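Everything on this sheet refers to the single structure shown next.
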Amino acid sequence: MSKAHIIGFGKSGVAAARLLKKNGWEVELSDRNTSDSLQQKEKQLTQEGITVKLNYSFEPETSLDLVIVSPGVPWDLPALQRSRETGIETIGEMELAWRYLKSSSWVGITGTNGKTTTTALTAAIFQTAGLYAPACGNIGYAACELALQDTLPDWVIAEISSYQIESSNTLSPQIAVWTTFTADHLSRHYNLENYFNIKADLLNRSQIQILNGDDYYLHENAAHLYHNSYWTSIQGKANLVADVTRGIYLEDGWVVALQEKIIPVELLQMLGSHNQQNLLMAVAVAKFAGIENEAIAEAVKNFPGVPHRLEYICRWNGVDFINDSKATNYDAAAMGLKALVAPILLIAGGEAKEGNDNDWLRQIKEKVVFVLLIGSAAEFLAKRLQKINFLNYEIVENMERAVIRGAALSKKYDAKTVLLSPACASFDQYQNFEERGEVFRQLSLGLNHKKKNDIRFGSSRI
């Protein structure tokens with residue numbers, strides 16, 4: 001019996017373990033952590049015949065035939081390097097799913113920003129057209145969960161991160177989309193060139209490539225990579241990288257794809273030019289899949305957006321509270337500010353990331369009346385604000401204080417919106433950006449239950 005070891009006890013790791021067990025493998029699953037919840041999962045998986053090792057650091061063994069890596073595990077981990085050097089096949093969970101789901105067609109969507117919204121909208125269009133096309137990867141299902149289902153998908157709509165691409169050596173989607181490219185995850189990938197090449201590799205292996213021509217870096221650096229690629233632009237056909245016959249663009253208020261009018265852009269409910277860019281890419285995918293315009297229009301009209309991305313939470317005393325927790329870098333946070341009407345009270349901070357913050361700082365100067373800083377990056381971001389002589393900021397440390405203080409200051413500064421758009425990772429205070437956004441949501445919704453004086457003066461008695 002072949003033996004596999006899965007690293008990581010999250011949703012992806014558990015799904016990979018169950019998939020291999022179902023297909024006759026001897027399976028062990030490990031995680032460096034231990035907790036009550038993991039121990040409960042351990043009991044269940046042990047009953048299924050899967051060996052679980054908690055509080056365990058992986059080391060390759062000669063008895064292993066396969067090592068599966070969950071998305072959050074660094075690909076250059078010394079133990080994984082030794083595994084590869086000794087000839088043990090070492091792949092990611094997404095690659096494993098691909099091998100079991102080759103009978104389904106795949107859409108692979110990658111990019112620094114925009115991939116979650118594009119993935120969710122694409123899946124919504126396909127499902128409106130009557131196809132079983134679940135979203136998976138970074139959102140929705142773990143990819144291996146789809147391979148475990150009795151009914152296999154017509155299409156797999158996969159949001160694929162750079163981490164997942166580098167651990168997937170044969171993953172070759174029929175259609176691949178590259179949404180944006182900016183400096184991110186450099187602590188993982190070391191330099192911009194390496195990060196770019198990892199993203200590009202997914203498109204190299206795909207049959208149809210769709211790229212966002214409104215992204216400056218892609219426009220300047222990716223045009224020569226793919227000879228028959230398709231390009232989008234919200235700025236019209238004059239801005240297309242490709243010939244107009246391979247373009248998807250806006251013209252006279254319409255989405256035009258491959259020289260055919262598809263839908264009026266006004267059907268899109270989401271705010272911001274970046275969401276129009278996402279729309280064009282999703283429509284392009286739909287047309288290559290043969291979906292009718294009526295289904296595209298119906299799906300776009302009813303698509304509300306994705307949680308934690310410019311998500312409207314509530315209105316308190318005439319001020320809107322907006323959750324943009326998924327803005328984990330400067331470029332995404334700048335896009336969020338561009339999409340909203342000034343004056344804005346901004347909550348930012350978390351775990352700092354490398355990147356160019358010039359556009360983000362420019363948007364703050366133009367649109368923001370006050371900034372509340374949270375997390376380990378608070379002092380660093382305060383210094384960046386001082387550099388542009390923006391002194392309307394306060395370090396409040398945590399989200400609870402930020403929401404209370406934001407509610408109080410919103411009246412003083414006549415802000416239309418209190419916006420959580422961190423421009424930082426979440427791992428200093430939260431498990432992920434979703435948890436951070438949920439905390440913001442609950443605190444914002446709870447404002448109506450606070451004492452008026454506590455909110456009026458931004459009380460920290462909480």
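Placed from the backbone N, Cα and C atoms, the Cβ positions cover glycine too.
Some features that Swiss-Prot has for this protein:
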BINDING   GLY111, THR112, ASN113, GLY114, LYS115, THR116, THR117  ATP binding site
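Considering only the binding-site residues GLY114, THR117, the Cβ with the fewest other Cβ atoms within 10 Å is that of GLY114. Compute the center of the Cβ atoms of GLY111, THR112, ASN113, GLY114, LYS115, THR116, THR117, which mark the site for ATP; besides them, the chain residues with Cβ within 8 Å of that center are ILE109, THR118, THR179, THR180, ASN278, ALA332. DSSP gives THR117 (ATP binding site) a helix state.
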